[in-house]
Each structure stands twice: as structure tokens, then as C-alpha cells.
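Asker: Sharing a structure below in C-alpha cells format, with a few things to ask.
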Amino acid sequence: MQKFFLSQQFNTRSLAENSTACPANATICKGTSCVLSEDNFNEILSIILSSVLTIMLALVMFSMGCNVELKKFWGHIKRPWGIFVGFLCQFGIMPLTAFLLSLVFNVLPIQAVVVLIMGCCPGGTASNVIAYWVDGDMDLSISMTTCSTLFAMGMMPLCLFVYTKIWTESDAIVLPYDSIGISLVALIIPVSFGMYVNHRWPSKAKIILKIGSIVGAILIVLIAVVGGILYKGSWTISPKLWIIGTIFPAAGYSLGFFLARVAGLSWHRCRTVSLETGMQNTQLCSTVVQLSFTPEQLELMFTFPLIYSIFQLLFALLILGGYCVYRRHRVKTKTDVEKTEEKEDSKSTSSHAKINGAFVSNETK
């Protein structure tokens, strides 16, 4: 055993010295594929950033709650057609899409499992911020995020049991129910306070909402940067995973919007369902992956959640940019039509007055 360990250590050291892609402190090294060891700095940085991000996330969700009206929110709970459509997208479309992508690209079993874990995760809180910026239904967005996180307690193990049979035993995947519960509490409590503020002080709630939406946008970018800092290992990722990581969120956004439109939801609710479908809780996926697999297995699929989070953010920003262009064009067109109608009305009034010999005021000239 000692001889095996020494040979492994020697191989790792020699590969690290001969390869420019592999640093000397890599713990797993195979060719040019490496995962760096955790150091003290990384651990301290992770704790500090996690604390800051948690506080910021709570403030953002509090501000998002300031845009939620209790009556409308309760209306979605009592008549949950929008939530039901979102449920079908979240735990129907996404796991099935993950399964089909894994089959089509014929990835390794362990890589297929991580793609499926991502597909079975509930919606992320970033969708609430983007939904606000695209004039979505915030009441539906908050209720969908809350319900999908709650339903994940039962739906994640069920979907993983159904779809991962051909690759691995579902018992091998450890689901962190405590993390799901913490996410649920971290969502419900600040949103509830925000709803109360909106009910009692609506004018102050609007100010808080504007500040929170800006902080939310900063938070989304900050999470992406933090991911790049904490996952600073050098890997040679399979091109198939990059392609899946690109197609998967785009398919989620597109299919979510299409299904919502087929279900008869209004345009602003279609945008909301689309965002809730495509934006997954990537932090939860990373936690499940780290709890369930060995370092050797992590080498093959450790960064897929990060790849997905990057592309889901990029596509969300494209959706936001497209909507801003559309809204600006629509407002401009609407203004031009109104001005044309006003000119036509003034001309008809003036000509009518001349024909009848009536007095024409300076306003109509």
C-alpha cells in the first residue's frame, strides 16, 4: 500500500513538473487535468465570501419581497395554474432535457449523473432579480422559487431515481436536505418581511426595491467572480460538457417560455416561467456533487455546475438586453402613433371648424 502511494506521489510530481498546465501542488493529476488542493487562504476566503454573499442575498430577497402584494401572491397559491406550469417545467422539462442531452452526446456515466443532478435542482434566486428587470410577474416568480425549493425535497430524489438508473445507483447520490431547508428558510423569511413592508409602507417599499434590484445585479456578477476565484484549478474539460453546458440553459429558457405560452399564460408570466425554468440553483448542485463523489470522480465533472452558471447568466443577460431593446422600440412606436393621431385629430377639428364657420382656438392651429 505504501509502495502504491509513493508511486502515485512520484507520478503526480513528475507530471506536475513536466506539464505546464499542472501546478506542483495539484492533488489529482492525469495528463493535463488537475485539481488543486485546498489551502488555508482558499478556506478563509470561502468563509468570508459565503458570509458576505448570504447577507447580500437576504437583503436582495427582502427587496424583491417589497414588490410582492399579499393578495396577488395568495391568489397564485389559491389558483396555482402558473405554479403548476412552472412545476412541469422545473421537474418535467429540465430532468428530461438533461437525460436526452446525456444520451445524445454519449458522455461518461459520471458526467451524465452530474448533468442530471443539475436538471433536477430547483430554481435559483437569481431568477427573481432578472424577472424584475424584464417586467415579469414578481408574485409568480417568488411563489415559483419558493414552491420549487419546497417540492425539491421529494422531487429531486424521485427524478434522480427514475433517470439515473442506467448509469448509477440512486442511493450513491447524497442529497443535502439541510442545505435545501436552509435555502427555503433564507428565501421565505426575508421575502415575508419585504411583503409586510410593502403592505405597511408602499412608498418606502418602492425605494427599497430599486436599491435591492441594483444590489441584486451586483450580486449575480459577484457570484460569478467568486466562482472563478474559488474554483481556480486547471482542468482539461471534455468539450461535450462545454456544449451541454451551453445548450442546457438555452433549452430551459426556450422550452419554459413555449410551454407557458401553450398553457395560455400572459406574456409577462411567460417571461417569468422561462427564467424560473432556465435558472437553476447551481450552488445546491455543487453541494450534492461534492458530497456524493470521490476526488477521482470529481476530476471528470467538478466544474460542470460552474459552466452551467456562466451560460445561464449569459443567456439571461441576452434575454434582458433583447427585452430592453423591444421595450424601447415599442415605447417609441407607441409615442409616434399617438403623435400622428393627435395631428390628425387637430387637422380634422380645424377643417371642420372652417367649414362651419366656427371659432378655432390657438391650441388647434
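Using N, Cα and C of the backbone, Cβ positions are placed for all residues, glycine too.
As listed in TrEMBL for this protein:
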- 336-347: compositional bias 'Basic and acidic residues' (COMPBIAS)
- 336-365: region 'Disordered' (REGION)
- 44-63: transmembrane segment (TRANSMEM)
- 83-105: transmembrane segment (TRANSMEM)
- 112-134: transmembrane segment (TRANSMEM)
- 140-163: transmembrane segment (TRANSMEM)
- 175-195: transmembrane segment (TRANSMEM)
- 207-229: transmembrane segment (TRANSMEM)
- 241-260: transmembrane segment (TRANSMEM)
- 306-326: transmembrane segment (TRANSMEM)
Asker: At a C-beta cut-off of under 8 Å, are there same-chain residues at least 6 beyond the transmembrane segment (140-163) that contact it? List them, or none.
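Answerer: Distant contacts of the transmembrane segment (140-163): 64-65, 68, 73, 76-77, 82-83, 86-87, 90-91, 95-96, 98-99, 116-117, 119-125, 127-128, 131-132, 170, 173, 175, 177, 180, 183-184, 187-188, 191, 269, 272-273, 275-276, 281, 284.
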Asker: Six or more residues beyond either end and a Cβ under 8 Å away: which residues meet both conditions relative to the transmembrane segment (241-260)?
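Answerer: Residues 85-86, 88-89, 93-94, 97-98, 101-102, 105, 107, 111, 115, 118-119, 269-280, 301, 304, 307-308, 310-312, 315-316, 319 contact the transmembrane segment (241-260) from elsewhere in the chain.
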